[in-house]
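*Asks:* Pasting the relevant annotations from TrEMBL:
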DOMAIN    6-155  domain 'PrkA C-terminal'
Amino acid sequence: MDEPLAIRKDVKNYVNMIIGIDAENLGPDKMWKYKDPQTGEFKALKVDERYIKSVEERLGLKTEEQSESFRTSIRKIYGQKISLDPEYDFMDNLELVKAVTDVRLKSDIAGAGSLIGALANRTNEENKKLYDRMINTMFNKLGYCKTCAQKTIEYFCTQEDEK
């Protein structure tokens, strides 16, 4: 793992994603803008339903009802704790931390040395630079609009090989 605080960041992202997934201002591109209680800044986050499902599978949540129940409990904890302690980060929820760690490790292993893995997993600076370079090339040299470039990369990153 490249960042020492990567797991903490991924846990916070998971929590923010499950809050944002039902937000009224969630766009069709699954981008959600929210005010970070720790910094007071507005941030944008892409709600990644595959990531959410991966974490919840690692938690052993097999049905939609179980997932929704877990999400509700996390949202309640968030609502209670964040007003008292804006620095609260869910790192005391060991099951959630373990699930996020497992998903991250699986992603790092699956993505190692793979262009698609690098483009799909932009959590480290190197992968983010590669993604940005691909978008700029598609936009500036190949004539794609920004949205089409992003959607094309997204398509290839989620494509399952047809057998």
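The backbone N, Cα and C atoms fix where each Cβ goes, glycine too.
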*Asks:* Which residue counts does DSSP give the domain 'PrkA C-terminal' (6-155) for helix, strand and coil?
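*Replies:* Secondary-structure breakdown of the domain 'PrkA C-terminal' (6-155): 96 helix, 10 strand, 44 coil.
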*Asks:* Looking only at the domain 'PrkA C-terminal' (6-155), what is the mean pLDDT?
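*Replies:* Summarising the domain 'PrkA C-terminal' (6-155) by its mean pLDDT gives 86.
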